[in-house]
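Lifted from TrEMBL, the feature list:
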type	residues	note
DOMAIN	226-327	domain 'DNA primase large subunit C-terminal'
BINDING	CYS235, CYS307, CYS316, CYS323	[4Fe-4S] cluster binding site
REGION	334-361	region 'Disordered'
COMPBIAS	336-361	compositional bias 'Acidic residues'
Amino acid sequence: MQRLHARYPFLEAARETVATEAVDLATVVEREEAVVDRATQRVITALEDGDTGEPHRDHRVELLSYPVARVLVSMVGENVLVRKYARAEAATAYDRFIEDIEDTTELKSVETAGLDLEALFAEFDLREAIHGPVDGEYRIDVGTYLPLAADLWDDEWRLVNQPLERGEVPVDEGELLALLREGIRERIEDGLPFDVPETIAADLEAEAAEIREVLADLDLTREIDTVVPDLFPPCMKALLDQIQKGEHLPHHSRFAITAFLASIGMTTDEIVDLYRVNSSFGEEMTRYQTDHIRGDTSPTEYSPPSCATMQSYGDCVNKDDLCERIPHPMAYYEERIDDAEDEELEDWREGEADEAESAGD
Ligand code: SF4
């Protein structure tokens, strides 16, 4: 059993094992160097390689390194670390349950017995929502499918691209396992970061500092002031689109998009340029409003409105899955920027500069 819990420390039963062994984390971090080392390695490997690295040969050390790793992630407290860490834990669990599922179908022994699909369904309360398999195909209730697929950005996962029948989405085993991986990721991310008691934090300062250093070297905490319109929240994309088409926007809508652009670091000149595509473009008015919002010609620097305000003005449109989890358009953009691959991150301003240069050649 300890092997199973060491392999899948996010399982409810593993959490209970840690609790019933009356393990006091403060004592563990103070006295058990092997656990702290493995926990640190868990987090650093998550950042560098996207998995949790070689497990410790001692199952107890391996199991305890998981709650300690969560403490370390909480101490560093960066959203991007929480996401990368949860993703790496989930990726490792995914590789392991694929191995286990193959093992159960081939040579099963007491020693190798791991997780099977039924156990995973039960763990995530999914038994009622997943039907089949029939001819290798499962069907999953749409209400269960949607939150699990929420962070899978590829088009194939979007509901519009799924042949929905009687409120059920058909998935093959590979897709089902990918959805389970998402369920695990969500469970791991849940509750992170949390407040770490002083007594525990004091013993882990050096390890947290080491992780902060790795994070800084990897330069993952991307600056929000990158302008990538493709990653804008749907509401801001829609407003920008209307301005560029020359449509007249009510004051609150114009304010929302201008404040958003100023908040992601665009200067008045750049905002004016971005709006200029519009034929009936009122440069003077845009300059006046932009300077005002930026606080250049007024005592206040305005922030873009929250999702609740956008909704009340009817400016919240085309909501997508990420919208369900964030309270503010800036939070939406920050998360998309953090999660983007490097090649997706060409700043709009660099593209403009290249075009201007080649036009001048
Ligand atoms: S939920 Fe928020 S971020 Fe999403 S479209 Fe609405 S206002 Fe924009």
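Each Cβ is built from the backbone N, Cα and C atoms, and glycine gets one as well.
TrEMBL feature annotations superimposed on the structure.
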residue: CYS235; record: [4Fe-4S] cluster binding site; DSSP class: helix
residue: CYS307; record: [4Fe-4S] cluster binding site; DSSP class: helix
residue: CYS316; record: [4Fe-4S] cluster binding site; DSSP class: coil
residue: CYS323; record: [4Fe-4S] cluster binding site; DSSP class: helix
Looking only at CYS235, CYS307, CYS316, which of these binding-site residues has the biggest number of Cβ atoms within 10 Å around its Cβ?
CYS235
In sequence order, which same-chain residues at least six apart have a C-beta under 8 angstroms from CYS323 ([4Fe-4S] cluster binding site)?
PRO233, PRO234, CYS307, CYS316, TYR332
Beyond the listed site residues CYS235, CYS307, CYS316, CYS323, identify every same-chain residue whose Cβ lies within 8 Å of the center of their Cβ atoms for the [4Fe-4S] cluster site.
PRO233, PRO234, MET310, GLN311, ASP315, VAL317, LYS319, PRO329, TYR332
